[in-house]
Structure formats: structure tokens, C-alpha cells
Amino acid sequence: MSTGVTTDLSEKGGQVANFSSSLNSCKIDESYKYIFLPICYSFTFIFSITLNSVVLYRSFRHTKRWNASLIYMVNLASTDFMYGLSLPFLVASYIMHDNWVFGDFMCRLVRFLFYFNLYCSIFFLTCISVHRYLGICHPMKTITLETKRAVKATCVVVWVAVFALTCPIFRFAQTQFLIRGGDGGGSLVATNGDESGTGQVGFQNCWDDAIDREFQDYVPYGITLHLLGFFVPFSIIAWCYSRVVMTIFRSLHSQPPTQGVGGGGQARGSSAGIGGMGMSVILGAHSPYVHRRRKSIKTIITITLLFALCFFPFHVTRTIFLVLKVTKGVQCHTMRMVSICYKITRPLASFNAWLNALLFFLTKEKAGSCCTKPEPTQRGLHWPLRLLGKGGDEEEGIEEAGNHKENQHKVEDDVFRGLP
């Protein structure tokens with residue numbers, strides 16, 4: 001919600017909306033947001049446009065080498081880039097003290113893009129988390145299920161689902177003419193038309209949620225949006241990453257593989273664990289991928305912390321804000337504190353627009369260049385043969401033929417790829 005320096009809503013001449021929220025009787029000083037929010041959104045705009053442009057440019061130069069993780073990352077960068085384009089409108093509005101001069105349609109569009117980007121980011125991060133979980137804990141299923149066609153279809157479903165989830169924002173978000181009193185108190189009065197008088201300044205306000213007469217209808221939708229758009233995906237991400245960390249830690253503390261992999265019995269005994277423990281455990285603690293597994297743990301922890309930092313505070317404070325605003329008898333100091341926390345965490349949620357791209361660059365070491373095929377090791381090429389108990393001669397024959405080189409290496413590349 002966007003208000004003036006101090007909020008004190010009241011009726012005037014029958015042309016004012018019928019307000020009934022707890023916020024009406026409280027004066028909330030929001031002068032801080034006219035400095036804090038433009039700085040935060042300008043920072044996000046610069047980094048979001050720059051970093052996501054580089055990600056998209058580097059990715060589209062080599063589209064034939066895209067894998068599942070990179071397809072998700074390109075979709076993530078696309079929605080972040082679109083959101084970055086909408087930020088200059090918000091910056092200008094806050095610099096002009098909430099005066100919206102871009103029209104009602106742009107108000108609805110900018111508010112829509114904020115939530116559309118927010119939940120597209122959450123949904124794509126959820127898809128990436130599930131993909132990483134399958135790749136590390138169930139690598140054999142990943143080979144058949146995580147095809148490019150399936151991943152692209154998943155991305156289309158995400159775009160459609162998030163659009164359906166956020167399109168009601170076009171109805172609720174709108175402009176409204178307000179009167180800011182000239183007594184220095186900055187009181188706001190909502191009117192149905194332009195009014196001016198001695199000591200009064202009128203301006204168009206772009207509401208983030210809904211005007212007060214429609215707020216009762218907005219609250220159920222807002223809470224449902226938070227549940228389906230954040231809390232459910234966050235639970236899925238937490239579960240997937242907890243399973244991934246457990247699998248990686250088990251592999252780091254497992255015994256090294258038995259010597260003499262050419263022996264059929266021992267290798268076949270190892271292969272029995274494919275379905276249960278995953279490739280990370282099977283390769284053993286002394287495989288050449290131990291260093292990558294340790295880095296995967298750091299990446300998972302980093303992504304989880306950033307996810308919680310960007311999204312969790314915003315959704316918690318906004319849910320409380322919506323509930324308190326329609327609750328009678330809420331004390332003013334409680335409403336002030338919640339309102340300030342909500343306004344501060346809102347730009348924090350927008351930081352994901354450039355943190356997603358920054359994670360792409362910080363983790364590219366584990367995956368190599370986004371558009372370059374890493375050189376597979378000999379051991380990495382022939383791990384399925386060792387698991388099945390094939391002899392050394394058969395490995396050499398396949399190595400000379402090279403028929404299965406790309407397919408066998410794809411498993412390790414997808415599993416340990418460091419993209420978020």
C-alpha cells in the first residue's frame with residue numbers, strides 16, 4: 001500500500017470511500033521510504049538489467065548446448081530482466097512522493113510485474129531444486145525424465161500457472177486521487193475526483209494492493225497468493241535440499257570403492273545401490289567428484305539463505321500486514337511496526353532479480369562456462385561399466401569407439417552442475 005508522509009484517513013463530504021481498517025486511526029510516518037525505496041530500486045534496476053543481459057547474451061550464443069539447468073536459468077533471467085524494466089516507474093513515483101503520473105494501466109502493469117517476477121522466480125527455483133534432487137539422489141530417473149522437451153514444457157506450465165495466479169492484481173491495483181493536507185501533517189483524504197482548496201495538494205496514488213473499499217475482497221486473495229506462491233514451493237525446496245545434503249554427506253563419509261572393478265561380483269554388488277542411494281554415494285568418498293560435492297553443499301546453503309532472505313521476510317510481514325489491516329482494535333504502535341517492516345522487506349524481495357543472475361556467475365566454476373562442454377574424465381566416462389561389472393577390455397573398446405561419450409558424461413554434468 002502506498003500512503004503519504006503520515007497516514008490519517010477520514011471522510012469528507014460524502015465523496016470519500018468508506019474506510020474501516022485499523023490503519024485509519026493511526027498516523028504512520030513514512031518519510032523514510034522516499035529516500036530508502038528509490039535507492040534500493042535504482043540499485044536493483046542497474047544490477048538486474050546488467051547481469052541478466054549478460055546471462056541471456058551468453059546463453060543464446062550457444063542454444064544447442066543448453067541442458068536442463070541452463071533452460072531454467074534462461075527463463076529465470078528473462079522474467080528478472082522484464083521486472084527490471086518496470087523499476088524506473090517506481091523510482092520516479094517515490095521521488096515525487098507517491099505521485100503517479102504514468103496512468104492507470106501502467107500502475108496495474110508495474111504492480112503486476114512485481115508479483116509475476118516474484119513468483120516466477122520462486123517457481124523456477126523450485127523446478128531447479130527438484131532437478132538437482134533427482135540428479136543427485138535418483139540419477140537414473142533423471143536420464144529419461146529430464147529431457148529438453150520435458151523441461152521446456154515445464155517452463156511453459158510455470159509461466160501459465162504464475163500468470164493465472166497473479167492476473168487478479170490487474171483488477172485490484174489501480175490509481176486513486178488523494179488529497180494531502182497542507183497543515184504539515186500530510187494527512188490523506190481519498191476522493192472520487194480532483195479536489196483542490198486552500199492548503200490542499202492533490203495527487204494520483206498507485207495502490208499496491210487495493211483501495212480501501214475493495215480491501216476486504218483483496219485479503220483472501222492475497223493470503224492465498226502467499227500460500228500457493230511461496231509457502232508451498234518453499235516447503236518443496238527445503239525438503240529437496242535436505243535430501244540432497246543428506247545424500248552428499250553420506251557419500252563423503254562412505255568407504256572408498258573396492259579395488260579391482262573389473263571383477264564382476266564386487267561391481268555388481270555396488271550397482272545394487274543405484275536406485276536407493278544415488279550416484280553420489282556409489283562413486284565413493286574418494287572419487288574425483290568429492291571436491292564438487294563439497295562445493296555443491298556450499299551452493300545449496302547459499303541458495304537457501306538467499307531464498308529465505310529475499311522471500312521469507314516479505315511474505316511473513318505482508319501476511320501480517322493484510323490481517324492486521326482488517327482487524328479491529330489493533331494498537332497503533334503494532335500497526336506502525338508491521339507497516340515499516342513490510343515497506344522495508346518489499347525492496348528486499350526485489351533483490352532476487354539480480355541475485356539469481358549473480359549466483360549464475362558465482363557458481364559457474366563448478367559447471368565450467370555456461371556454453372562450453374567440460375572435458376570428461378576417463379573415470380567419469382566408464383562409471384556405468386564399473387557398476388555393471390564390465391571388464392577393462394570392454395571399457396577400452398568403448399573408449400575407442402566413443403559412441404556413448406556424450407550420454408554418459410551428461411549424467412555427471414547435470415548432477416554436479418553448479419547452477420542454482
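One-based numbering along the chain as shown.
Note that Cβ sites are derived from N, Cα and C of the backbone, with glycine treated the same way.
Note: TrEMBL annotation is automatic and uncurated.
The following features are taken from TrEMBL:
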type	residues	note
COMPBIAS	401-420	compositional bias 'Basic and acidic residues'
DOMAIN	51-360	domain 'G-protein coupled receptors family 1 profile'
REGION	393-420	region 'Disordered'
TRANSMEM	34-57	transmembrane segment
TRANSMEM	69-92	transmembrane segment
TRANSMEM	112-134	transmembrane segment
TRANSMEM	155-173	transmembrane segment
TRANSMEM	218-241	transmembrane segment
TRANSMEM	300-324	transmembrane segment
Per the 3+ Cβ pairs under 8 Å rule, pairs at least 6 apart in sequence, do the transmembrane segment (218-241) and the transmembrane segment (69-92) touch? no
Could you name the stretch, out of 34-57, 112-134, 300-324, with the greatest number of CB pairs under 8 A to the transmembrane segment (69-92)? 34-57
State the non-local partners of the transmembrane segment (112-134) in its own chain: residues 6+ outside its ends, Cβ under 8 Å from one of its Cβ atoms. 68-69, 72-73, 75-76, 79-80, 82-83, 86, 141-142, 145-146, 151, 154-155, 158-159, 161-163, 165-167, 169-170, 173, 225, 229-230, 233-234, 236-237, 240-241, 243-244, 300, 303, 307, 311, 349-350, 352-353, 356, 414, 419-420
Sequence-distant contacts of the transmembrane segment (300-324), meaning Cβ under 8 Å and at least 6 residues beyond its ends, amount to 22, 118, 122, 125, 132, 209, 218-219, 222-223, 226, 230-231, 234, 237-238, 241, 244-245, 330, 334-335, 338-339, 341-342, 345-346, 348-349, 351-352, 355, 359, 362, 420
